[in-house]
Amino acid sequence: MHMSNVLLSPLVGSAFLTISGALAGYSSGKMKQEKQPALTPLMGTLGAFVFAAQMINVSIPATGSSGHLGGGLLLAALLGLHRAFLAMSLLLTLQSVLFADGGLLALGCNIFNMAFIPAFIAYPLIFKTLTSNNNSPNRLAVASIIAALAGVLMGALAVTLQTAVSGISALPFTTFAAHMLPIHAAIGVAEGVITWAVLTAVRLQATNLPLHPNAAANIGSVKRAFVMAALLIGGVGSWFASAEHDGLEWSIARTFGSELPENSSALHNYAAAIQEQTALFPDYAVPFAPSTTTVAGVAISLESTIAALIGIGVMLLLTARKQAKG
């Protein structure tokens, strides 16, 4: 659901960059008030896990589309809403700047749709209400699936509204929404199941959710497990990612019939020029790596593996530097 610049007017893109920037400042202030520096490296670890998981697009049967984990609700359930928002914001910024996944002008919208909505709305209003601080298996399953579904659908609706308000693309709101919402409903249910499965596994090691350095009996074990999972998913899981359009791309193709033409406004051109300079690995392509190799007779993508490992490493490095600076 990473929006590109072509969907947004300069006014809408700039407005959401301002809104998301303000939310980041607010969340950073709240995080400092919590005075839990031990959770900072865990933000990087969990962010790296979500980055790796997002590399794996899974085909949605009988649609010709695919979807991947968003991760905002999962991070909120593990870290609390403010740390989750910041971790997702860092992740989305990294994807846009380094990998050209999502436009720079669209970054504020992407942060709002995939970080703010799950962390600030779906988590406190739906997930926490349904669990009522009781993380029993049944409550966790129901809360994870319903909150994830609601969060993904709200994000998909936000994409269509932001596109409609921008008014620069030939995507009729009703038709676009009619494609966006059903396909993202399927993605939302899958996100809920994955969120529930991960939270259930974490509950075997930690006594409380969200995680707390004084309440989690084995928070070090949780951190190591997520690092290993991120490396495994990024190193091997990305080989099996679907090449089909994701839900947003699929919806655009179904609504418009082809890719949308680029917008030539000064701000669009400026954002594209900056991203061209910063994106060392556009579309997760790695210039110094062969695109594929063969292992046991199976063609695998070395580019996706190396790109995933680079992203994981950068996420861990950035949060480690943040912790060192205090």
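Cβ from N, Cα, C; glycine included.
TrEMBL: automatically predicted annotations, no manual curation.
Taken together, the residues of the domain 'PDGLE' (225-318) have an average pLDDT of 80. The domain 'PDGLE' feature in TrEMBL is assigned to 225-318.
Taken from TrEMBL, the feature transmembrane segment covers 40-60 (among others). Under 8 Å from some Cβ of the transmembrane segment (40-60) lie the Cβ atoms of residues 66-71, 74-75, 78-79, 83, 86-88, 90-91, 94-95, 183, 186-187, 190, 194, 211, 219, 222-223, 226-227, 229-231, 233-234, 237-238, 240-244, 246-247, 284, 304, 307-308, 311-312, 315-320, 322-323, all in the same chain and six or more residues away from its ends.
According to TrEMBL, the transmembrane segment annotation covers 72-92 (among others).
TrEMBL lists 104-127 (among others) with the feature transmembrane segment. Within its own chain, the transmembrane segment (104-127) has Cβ neighbours under 8 Å at 1-5, 7-8, 10, 12-21, 23-24, 70, 72-73, 75-77, 81-82, 84-85, 88-89, 92-93, 96-97, 143-144, 146-148, 150-151, 154-155, 158-159, 162, 267-268, 271-272, 274-275, counting only residues six or more beyond its boundaries.
For the transmembrane segment (139-161), same-chain residues at least 6 beyond its ends with a Cβ under 8 Å from one of its own Cβ atoms are 1, 3, 7, 70, 72-73, 77, 109, 112-114, 117-118, 121-123, 126-128, 130-132, 173, 176-177, 180-181, 184-185, 187-189, 191-193, 195-196, 199-200, 203, 247-248. According to TrEMBL, the feature transmembrane segment maps to 139-161 (among others).
Within the chain, the transmembrane segment (181-204) has long-range Cβ neighbours (under 8 A, six or more residues past its boundaries) at 1, 53, 58, 60, 63, 65, 67-70, 73-74, 77-78, 135, 137, 140-141, 144-153, 155-157, 211, 222, 225, 247, 250-251. As annotated by TrEMBL, transmembrane segment applies to 181-204 (among others).
Among the features that TrEMBL reports, transmembrane segment is placed at 225-242 (among others).
What TrEMBL lists as transmembrane segment is 295-318 (among others).
When DSSP labels each residue, the domain 'PDGLE' (225-318) comes out as 58 helix, 10 strand, 26 coil, counted as helix, strand and coil in that order.
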